[in-house]
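Look at TrEMBL and you will find 3-82 tagged as domain 'KHA'. TrEMBL lists 90-160 with the feature domain 'BTB'.
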Amino acid sequence: MRRVTLFVNGTSTNGKVVAVYGSMEDLLSVASSKLGIRASSVYNGNGGLIDDITLIRDDDVLYISEGDSFEDPQDDFRDPDKCQTHTDWLTLNVGGRCFTTTRSTLVSKEPESMLAHMFREKDVWGNKQDSQGAYLIDRSPDYFEPILNYLRHGQLIINEGINPLGVLEEARFFGIEQLAEQLETLIKSSQPPDDHSPLTRKEFIRFLLATTTKAELRCQGANLQGVKMLCTNAEGATLRSCNFEDPAGIKANLEGANLKGVDMEGSQMTGINLRVATLKNAKLKNCNLRGATLAGTDLENCDLSGCDLQEANLRGSNVKGAIFEEMLTPLHMSQSVR
């Protein structure tokens, strides 16, 4: 395993030591997370652009840019402002209460959040400041404090008397997705169980991963809007009358899933992606598969009677022994089936 030290282009401070593995895309993804930037280019110390990961040696020092040309890191000592871009201290005035932190705290852990975009570079957003120079943010300080601490050390800690729902709303407002997911789980676990409430897609996935015998999985009427189950093994499961259709337009993705013998009768699956999935002997009677992607799908002996397959793509699918009688609308396929 090779280890390298990464710096933001044009700087020689706040470096990050990382392991090199996979492709250049993997390295750029790690660099984006560690340095809090949108990494797109890698340079060596001489300003040479590196486009092949095999050229990187153990203990190399690399400079990561967002697409701009290489800048000599020695310029740090001639330009104090640049040196402090990702490490300088700043104060936030949140709802009248001041919090002092570093710029790197706000941009490193969640580089795609609103806070990261606001403070990644100085004055890009034109953030307003009070008379003491603190950046003004019109939000609740009580709910902001757990968020700032999470960005500092990665742990969710909520003091007694603070409503997690308020922290969740702030996490959503600032676009801190990983924290929002933790809070949703915390809030859900603190609520009394409701045996009659529909199964959400996150609950379904957790249950699916925890279920050793998929044939025992029964989720009739579950709400699985826009669920992502790529290459999932749900062989023999019962998913009758489930709703995979998201009104917001997010398509459910079950590409490559093992759905042998699954019972999905009566489910709503408009636009669902079932490309190269295995649905041999599955029961899909009366399903809404309008606009579904079934290219390369194994539909051998599958019961598709009563299905709406208008504008479905069945190119290259295996329909040997499949039942198509009683379809609600004429079958319109974007390409022929084998």
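Cβ coordinates are placed from backbone N, Cα and C, and glycine is handled just like the others.
TrEMBL: automatically predicted annotations, no manual curation.
For the domain 'KHA' (3-82), DSSP puts the residue distribution at 23 helix, 20 strand, 37 coil. Here the domain 'BTB' (90-160) has, by DSSP, the following mix of helix, strand and coil residues: 25 helix, 15 strand, 31 coil.
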